[in-house]
Amino acid sequence: MSLRLTRRSLLAGAGAAAAASPFSFSIARSQETPIKIGFPVPLSGPYSSEANDQVRCAQLAIDWFNEGASRKAELVVRDDKLNPGEAATRALELIESDKVDFLCGSLSASVQLSVNQVASKRGVIYNSISQSDTINEASDFTKYTFHEALNPHMTAGAVARYAFKNAKGKKVAYLIADYAYGTEMLRGFRNVAKETGMEEVAEVRHPLGTTDYSTFFPRIQSARPDVLVVVNFGRDQLNTLKQATDFGLKQQMQIVYPVILDTQRFAGGFAPFEDVIGGGNYYWTLEDEHESAKRFNDAYRKKYPDQGVPSAYGALGYAGVYGLLNGVKEAGGAKTDDVIAAMETMKYDAYKGAEYFRKCDHQAVQSVLILKAKAEDKMRDKWDIFEIVDTQPADEQFLRTCEELGHKA
Amino acid sequence: MTVDLFLLQLFTGLALGSIFVLVALGLSLIFGLLTIVNFAHGQFFMLGAYVGAFVLGMTGNFWLSLIAVPLAVGAVGMLCERFLVRPLYGRGIDYPLLLTYGLGLILLETVRILAGTQGIPFNTPPVLSGAADLGFFFFPKYRLFLIAITAIILVALWLFLERTSYGLIIRAGARDQEIVQVLGVDVGRVWLVVFGVGVAIAGLAGVLAAPIRGVFPEMGVPVLVEAFVVTVVGGMGSLLGAVVAGLAVGVTVSFTSFFYPEMATLSMFLLMALVLVFRPRGLFGRAGLLG
Amino acid sequence: MVERSATAGPPARTRPGGPAAIGAAYDFVDRHRVAIAILFLIVLPWLTPYKALAVNILIYGLFAMGFNLIYGYAGMLSFGHAALFGLGAYGCGIPIAKFGIPWFLALPTGVAVAGLAAVAIGWFATRSRGIYFAMVTLALSQVVYYIVFQMVWLTGGEDGLRGVSVPALDIFGLELSLLDPTAKYYLILIAVALALWLFSRILQSPFGAVLEAIRENEKRAAACGYDVNRTRWAAFILSGLFSGLAGALYAIHLSIVPIETLHYFTSAEVLMMTLLGGMGTFFGPFVGALVYILLQDVVTVVTVHWQLVVGILFVVLILFFPRGIWGSLLHWLRP
C-alpha cells in the first residue's frame with residue numbers, strides 16, 4: 001500500500017469531518033467532473049478567523065453557481081499558513097495533483113504574488129483577493145492574473161480624498177509599516193496630499209510586527225499634525241490604536257487608516273477604534289442600497305445562522321469565486337482562454353454594485369467605501385460598528401493608468 | 001531634539017524596558033540555576049495574559065488578576081518542570097531547549113483551541129487609564145504604573161533571594177550545585193520552585209502587558225526573542241544583567257525609533273551582536289558558565 | 001562544550017558479535033550508504049501524495065544534512081542556518097530573475113554567496129561556545145534578514161523575489177521542462193545525489209574524524225595538536241555550502257524566494273528535522289525531513305491545529321527517542 005492511498009482515505013475522512021463543520025465542501029453529484037476551484041487561504045495562524053469566513057463565503061458563491069447548473073463547481077480548500085513558500089507548494093499540489101481549473105484566495109501580498117507566479121507559469125487563472133499594487137504591474141501580471149480585491153492605490157486615494165477634505169487643518173503625518181503594503185498605500189496618500197495642498201510634517205516607518213508603538217509617538221506628537229495616517233494591518237492595527245488612545249493622540253489629531261478592519265474591532269474591544277476613519281471593500285449595511293448585497297447577506301445568514309454578518313474579508317472570498325464562476329457562465333464552459341475572454345468583457349454585480357475587470361491589468365474596477373467607526377453608545381447592536389460616510393464610485397480614473405503600470409496600450 | 005522631547009523619549013524607553021526586564025528576569029533566573037533555556041517562555045507570557053483576561057472577565061477586578069496569574073501560571077510551570085523538564089537534567093542544554101520549544105507549540109495551540117484565534121479585548125483598568133502631567137509632558141498613567149510595579153517586583157525578588165532560606169539555597173545552588181547536594185538539600189524541590197517562579201514572572205509580565213499589547217495567541221512569539229536579546233546582552237543567568245540590559249534595550253529601541261524608526265527592531269539585534277563580539281559572555285555574565 | 005554522549009555517531013565499519021544476518025545487513029547498508037540513499041530518493045516521489053512535496057523533502061533533507069554537519073557531527077547548535085539557506089536561494093534567484101543569467105551559472109553563484117556568508121558568520125560565531133554560539137548565529141542571521149528585507153529593489157523585500165524562471169533545461173541537447181513535476185524532481189535529485197556523495201567523502205576523510213574528536217572532547221583534540229577553532233570554522237563553511245545549495249534549488253523549485261526562507265523559524269525547522277531523523281547519522285536528516293514534511297502535510301488536511309501535533313511529537317521524541325527515528329533504528333539494529 002502506498003502513501004498515496006493512505007492520503008486519499010485521509011482526505012475522504014477530512015471531507016466527512018468538514019461536512020459536519022460550519023463550512024461543507026460541496027460534492028458534485030452530476031456525472032460530469034466538477035469545475036474545481038483551488039482556494040489556498042491561511043486557515044491556521046493569526047488570520048484564521050478571516051480565512052475561515054472567506055471559506056464560508058466562497059462556498060456561498062459555489063452554491064449560487066450550482067443552483068440549476070448541469071456541471072457543478074467545487075471548492076478545494078488548502079491552508080497556505082500565510083507563508084509564500086507553503087502557498088507555492090500548495091498551488092503546485094492543487095494544479096498538478098488535484099487538477100483544479102482555477103485558483104482564488106490569499107490574504108497577504110507576498111502569498112498572492114507567489115501563487116500568481118506558480119499559476120501563471122502553468123496557464124491557470126488566478127483571482128487574487130488580497131490587496132497589492134504590484135500584482136497589476138507588468139512585471140508580475142500575466143493574462144492569467146485577475147485581481148478582485150481593491151488595490152492600495154485606489155483605496156488610499158479614496159480615503160485620502162475624504163479625510164483631507166474634511167480635515168481641521170493642513171498638516172499630515174504618516175506612520176507606516178515598513179513593507180510593500182505600507183509603501184504602496186503611502187504613495188496613494190501622497191498623491192492626493194499633493195493635489196489637495198496638504199503639508200507633510202512627519203513620516204515614520206515602523207518595522208513590521210512591532211508590538212509597542214509608543215516609541216514612535218513623540219516624534220509624531222511634536223510635529224503637531226491635524227491628520228495622522230496609519231498604515232498597518234491586523235493586530236498591528238489594533239495595537240497602534242490602543243496605544244495611540246492611551247497617549248492621547250486621538251484628541252490631538254484625526255486618525256485615518258486606508259483599510260479599517262471589522263474583525264479587529266470585534267477582537268480588541270470597541271473603544272480604541274472610536275472615530276477612526278478608514279476604507280473598505282464591503283460593509284454589511286450596503287444591503288440597504290444594493291440588491292446584490294442583500295442577496296449575499298441573506299444567503300450568509302441562512303447558511304450560517306450563528307455567524308452574524310459576513311466580514312469584509314469574507315465578502316472578498318465570495319466575490320473572488322463569484323467572478324470566476326460568472327466568467328464560466330458567460331463563456332459557457334471552463335476552458336481557460338474562453339473564461340479569460342469572458343471575464344475581460346463581463347459586467348458583474350456580486351455583492352456591492354456593478355464591477356468589471358479592466359482589460360489591461362485585470363483589476364476589478366469597483367467602489368471604495370469610506371467608513372467611520374461608531375462610538376460605542378451609538379451602536380444599535382454588536383454588528384453595528386461602522387457608518388458608511390462616503391463612497392468612491394467604480395471608475396477607472398481612480399486607478400493608475402495602464403501605461404503607468406508598464407502595460408503597452 | 002528638545003530637552004522635553006528627549007525626556008519623553010527616554011521615559012517611553014524605560015516603560016518599554018520594564019516589560020523587557022520582566023520577561024528577561026524569569027528566563028535568566030531559570031537559566032542561571034537550571035541551565036535550561038526555556039523556549040516556552042513567550043508562551044507562558046501569553047498564558048498569563050489569557051488567564052488574566054479570564055479572571056478579569058469573571059471578577060471584573062484587575063488587581064485580583066495580578067494575584068491569580070502568577071499563581072496559576074507558576075503552577076502550570078511547575079507541572080511542566082516536574083513531568084517534562086526534570087527527566088532531561090544532565091543531558092546538555094539542547095534537549096531541554098528543544099523540549100520547551102515543543103511545549104511552547106502545545107501551549108500556543110491549546111490556547112487557540114480553548115480561547116479562539118481572534119484574541120480577546122483587555123481594557124486598561126479605569127483607575128490607571130488616562131494621562132498624568134509630569135511637568136514636561138503628559139504620560140499614560142498605566143505606563144508609569146508599569147515602571148513602578150517592575151521596581152516592586154524587583155525588590156520582592158531581591159528580598160526573596162537575599163532574605164529567605166530558600167533564596168540562600170538558590171544562590172548557593174547557582175554557585176555550586178554539588179556542594180548544596182552534599183549538604184543534604186533536596187535540589188529537586190529548589191529547581192521546581194525556581195522554574196515555577198521564573199515562569200510566574202513571565203505570566204505576570206503577560207497580564208501587565210495586556211492593556212498595552214492586547215491579548216492574542218501569537219503575542220508570546222516576539223516576546224521570546226526580546227527576552228533572549230536582553231538576557232544575552234545582560235549575560236545569561238545574571239539577574240542584575242537582566243535589569244540593566246532590559247532598560248538599556250528599551251532605551252536603545254526608543255531612541256532608534258526617533259532617529260531611524262525602520263531600524264527599531266534591528267537595533268536590538270545589532271546591540272546583541274555588538275555585545276557578543278566584544279564581550280561574548282554579556283555585560284554581567286559569569287565566566288565559565290557553559291564556557 | 002556540550003556533552004553529547006547519548007548521540008549515536010556514524011556507525012563504525014565492523015562490529016563483531018551479534019546475530020550475523022543483522023550484522024551483515026547493517027554492514028552492507030553502511031558500506032553502500034550513498035547508493036542506498038539515492039535509490040530511496042529515486043522511488044520517493046511515488047510514495048508522496050504529490051511531486052512538489054517530494055521536491056520539498058529532497059531540498060529540506062539536503063539542508064538538514066548540511067546543518068547536521070555542524071550540529072550532529074561537530075556539536076555546534078546553530079540558530080542561524082536560515083541565513084545560509086536563504087542567501088543560497090537569493091544568490092541563485094536574483095541572477096536569474098534580475099539579470100537573466102542561465103541557471104547553470106546561477107546555481108553555483110547561490111552556493112558561493114551562502115559560502116561567503118558562512119565564512120563571515122562563522123568567523124564571528126565559532127569563537128563562542130554552547131548557547132552563546134547559538135545566540136551569535138541567531139543575531140547575525142537576523143541582521144541578514146533585515147538587510148535583505150530592506151533591499152527591496154534587488155530582493156523584492158517582504159513581497160519576496162519573483163520571476164526565478166527556469167522553464168526548460170537544455171542538457172546536451174536533451175530538452176527537459178521544469179514545469180513537468182517529474183522531470184523537475186529528478187533534475188534536482190541529480191544535484192542532491194552529488195551532494196550526498198561529497199558529504200559521505202567528507203565524513204570519511206581525516207577532517208571528519210577530527211570533527212568528531214572535537215565534539216567528544218575539545219580539550220583532548222586541542223592537545224593532540226588540532227587547531228580546534230579553524231576546524232570548527234571550516235565545518236561551518238562546509239555546512240553553509242550544502243545549505244546554500246539547498247536554498248538555490250529551492251529558488252528554482254518554487255520560482256520564487258520568500259523572505260520567510262531567512263526567518264529564524266526556518267532555522268528552527270531544520271533543527272527539528274535533523275533531530276527528528278537522528279543527528280549525527282548519515283541518512284537521518286532525510287528521514288527527518290520526510291517525516292516532518294509529510295506529517296505536516298497530512299495533518300494540515302485534517303486539522304488546522306497542526307502545530308499541536310508537531311509540538312506533541314517533539315516532546316515525545318525528546319523524552320523517549322532522543323536519538324531520533326533513524327538514529328534509534330540504527331541503535332537497535334547495531335550488532
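Backbone N, Cα and C define each Cβ position, glycine as well.
What TrEMBL says about this protein:
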- B:6-29: transmembrane segment (TRANSMEM)
- B:36-56: transmembrane segment (TRANSMEM)
- B:62-85: transmembrane segment (TRANSMEM)
- B:97-114: transmembrane segment (TRANSMEM)
- B:144-161: transmembrane segment (TRANSMEM)
- B:190-212: transmembrane segment (TRANSMEM)
- B:224-252: transmembrane segment (TRANSMEM)
- B:258-278: transmembrane segment (TRANSMEM)
(request) Look at every Cβ pair spanning the transmembrane segment (B:6-29) and the transmembrane segment (B:97-114), keep those 6 or more apart in sequence, and say whether at least 3 of them are under 8 Å. (result) no
(request) Using a Cβ-Cβ cut-off of under 8 Å, list the residues of the same chain that are 6+ residues beyond the ends of the transmembrane segment (B:62-85) and lie near it. (result) 34, 36, 40, 44, 47-48, 51-53, 55-56, 96, 99-100, 103, 125, 191-193, 195-204, 206-208
(request) Please give the sequence-distant neighbours of the transmembrane segment (B:36-56): residues at least 6 beyond its ends with Cβ less than 8 Å from one of its Cβ atoms. (result) 23, 26-27, 30, 62, 64-66, 68-70, 72-73, 76-77, 80, 85, 93, 96-98, 100-101, 103-104, 107-108, 111, 115, 120-122, 195, 198-199, 202-207, 209-210, 215, 217-225, 227
(request) Please figure out which one of B:97-114, B:144-161, B:224-252 racks up the most CB pairs under 8 Å against the transmembrane segment (B:190-212). (result) B:144-161
